[in-house]
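Novice: Quick one: the structure is below, questions incoming.
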Amino acid sequence: MPDTPLLDQVHFPADTRGFDIPQLRRLADELRAETIDAVSTTGGHLGAGLGVVELTVALHHVFETPKDILIWDVGHQCYPHKILTGRRDRIRTLRQPGGLSGFTKRSESEYDPFGAAHASTSISAALGFCAARDQKGESNKVVAVIGDGSMSAGMAYEAMNNAAETTKQLVVILNDNDMSIAPPVGGMSAYLAKQVSGGAYRNFRRFGKSVAEHLPRPFRNAARKAEEYARGMIVGGTFFEELGFYYVGPVDGHDMENLVPILKNAAAITDRPVIVHVVTQKGKGYAPAESSADKLHAVAKFDVVSGQQSKSISNAPSYTKVFGTELIKRAHLDPSIVAITAAMPSGTGLDLFGQAFPERTYDVGIAEQHAVTFAAGLAADGMKPVCAIYSTFLQRGYDQVVHDVAIQSLPVRFAMDRAGLVGADGATHAGSFDIGFMGALPGMVLMAAADEADLAAMIATSLEIDDRPSAFRYPRGDGVGVEIPELAAPLEIGKGRIVREGTTVAILSLGTRLQESLKAADALAARGVSATVADARFAKPLDADMILRLAREHECLITVEEGAMGGFGAFVLQLLAGKGALDAGLKIRTLCLPDVFQDQDNPVAMYATAGLNAEHIAAAALQALGVEATRAVRA
Ligand SMILES: Cc1ncc(C[n+]2csc(CCOP(=O)(O)OP(=O)(O)O)c2C)c(N)n1
Ligand SMILES: CC(=O)[C@@H](O)[C@H](O)COP(=O)(O)O
Ligand SMILES: [Mg+2]
């Protein structure tokens, strides 16, 4: 059936195993078109997937997946992989409640042997599979595909360092597109670039090609393959070979004719782990992506023809923009302020800061552990480092926060963006835990902004704290549209505020749940129940005087936070219990995120806020008071 699209005939990788190179090339073209069309209707990560279309086809053609293990690092590039592995019919449910995850996910398919989303985990996981197979006497291959950006994280080196002593079954595909989200940084990136552009590589390429072109056709391919090999030997990935790997490359990751035989040869190497250095282009094959600075790393829904994205317009600035703008204002006044990002300049708003203060901005790559201790070093030597790391990615550097910052009481300022639920990225990216893990640390000042004006004040407050660490959390997305002062005044540390006076119920909100808490008070008032609304502002130190007064003067206390169990509500309970404030029978409810991971399987909290809206707050108060909410409380 020559005109039937090959993609219609491929439901699983096994269907490609009889294909020849031209068919594989055609399949890749169709897969690229399908990926573009699908993502245009869902939004999501585009550039990375487009860059690995040929690689995806070749890997599934050469390796016997799912028996052979294929692990994608980060997993944001896995959409073509999902289309080829039995999920084409669901690819347009991507990143939606009940739909496919935007990353690889074990529960979704046997072709996803390991989940991802946080970078640089693939080689460690792959080594685990290798060791398990060695233990079981199984000889299947294990393949980890890791990007050049993800190779900047320490975890990748920990695994590379351990590989040659652990297994001979591992194939690492280094997907080098010379991009992270932003252009890559660091020595490894420079080393890889040298491998690809080095004189020996170019000469050999010319030499190899010139020989190949003068040979009769049947021998031409063999010579070309020899050239690829030769280049690997001459240019050599010395660094990787010193770690015990057989280095092959650099190889053109879009040239199916070379890619397939080289992967077959890599699969046949059994005396040591192999690393195949594949050179690809992020955004390959879609002009709007190829011409975009970030290669359309992440996109909203878009028009395929024009590439025009349909982004929602808001009249309030994003919290990220407020952070970037405020920090610039402060840095003009204080030359000791420096900023650190871990490969997320645009996501954190430090791209703006970097334009204003290039010499005072550090992008350390995907290296959160290093970012934190690097910031600690800066603080120890008198600078004011602002370490801007998403709440979820700060988890990667937590020991460094404890060991290098908090124990030494160094004044590192942590700007924790994407705190709380983040929507489509799901559980791996939700900033659910920072209240608990940062609030547990002695000496930490932990703030949560209720709106963008509060964020500006908390930045000012943090910059004034020179004797201990401080952190301020704020959500993904736009503010509420409140006025931001030209230069916000710092807050009094450990002081909350009463926003609305009432008598029976006290709603104690932390962070951006304040708006819903005020709506809940209105709903309660409509039911004849008077409510006070307080904004805690600090999860640490707590405003003990205010909280104890609320407990004394009200029949019922409700705490609300967009964070997991073991956070603000727990801290308040421990304060009240410690002071005997519960002995008099105070009715108390602590509202926090449900004790589940929020993702496509548990969409309850992916988009809503997990039972933390006005009707939930009001219903909790009525339930505590024993007033049956005869009908759902409409805020
Ligand atoms: C620990 C961690 N930090 C930051 C991120 C955010 N992030 C997602 S993809 C990416 C860039 C990855 O670059 P690379 O590995 O080269 O993959 P490419 O997008 O180029 O295919 C970053 C920084 C992350 N997913 N995990
Ligand atoms: C894949 C990855 O980890 C990043 O691209 C992340 O999805 C960015 O999140 P934001 O879209 O919230 O910046
Ligand atoms: Mg890359």
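Glycine residues also receive a Cβ, built from the backbone N, Cα and C atoms like all the rest.
The thiamine diphosphate binding site feature in TrEMBL is assigned to HIS76, ALA117, HIS118, ALA119, GLY149, SER150, ASN177, TYR286, GLU368. Per TrEMBL, the feature Mg(2+) binding site maps to ASP148, ASN177. Sequence annotations record features per position, and here TrEMBL assigns domain 'Transketolase-like pyrimidine-binding' to 317-482.
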Novice: Quick one, of the binding-site residues HIS76, HIS118, which Cβ has the fewest other Cβ within 10 Å?
Specialist: HIS118
Novice: Which has the fewest other CB atoms in a 10 Å radius around its CB: ASP148, GLU368, the listed binding-site residues?
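Specialist: Output over binding-site residues ASP148, GLU368: least Cβ neighbours within 10 Å is ASP148.
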Novice: Just checking, which of GLY149, ASN177 (binding-site residues) has the fewest C-beta atoms within 10 Å of its C-beta?
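Specialist: Fewest other Cβ atoms within 10 Å, among the binding-site residues GLY149, ASN177, is found for ASN177.
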Novice: Near ligand 2, which of the binding-site residues show up if the criterion is a Cβ under 6 Å from one of its atoms? Options: HIS118, ASP148, GLY149, ASN177, GLU368.
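Specialist: Passing the 6 Å Cβ check against ligand 2: none.
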Novice: Which binding-site residues among HIS76, HIS118, GLU368 have CB under 6 Å of ligand 3?
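Specialist: Within range of ligand 3: none.
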Novice: For a quick check of understanding: given the listed thiamine diphosphate-binding residues HIS76, ALA117, HIS118, ALA119, GLY149, SER150, ASN177, TYR286, GLU368, what is the maximum Cα-Cα distance in angstrom, as an integer?
Specialist: 32
Novice: With H, G and I counted as helix, E and B as strand and the rest as coil, say where DSSP puts GLU368 (thiamine diphosphate binding site).
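Specialist: DSSP assigns GLU368 (thiamine diphosphate binding site) to helix.
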Novice: Taking only the Cα atoms, work out how far HIS76 (thiamine diphosphate binding site) lies from ASP148 (Mg(2+) binding site), in Å, as a whole number.
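Specialist: Computed Cα spacing between HIS76 (thiamine diphosphate binding site) and ASP148 (Mg(2+) binding site) is 14 Å.
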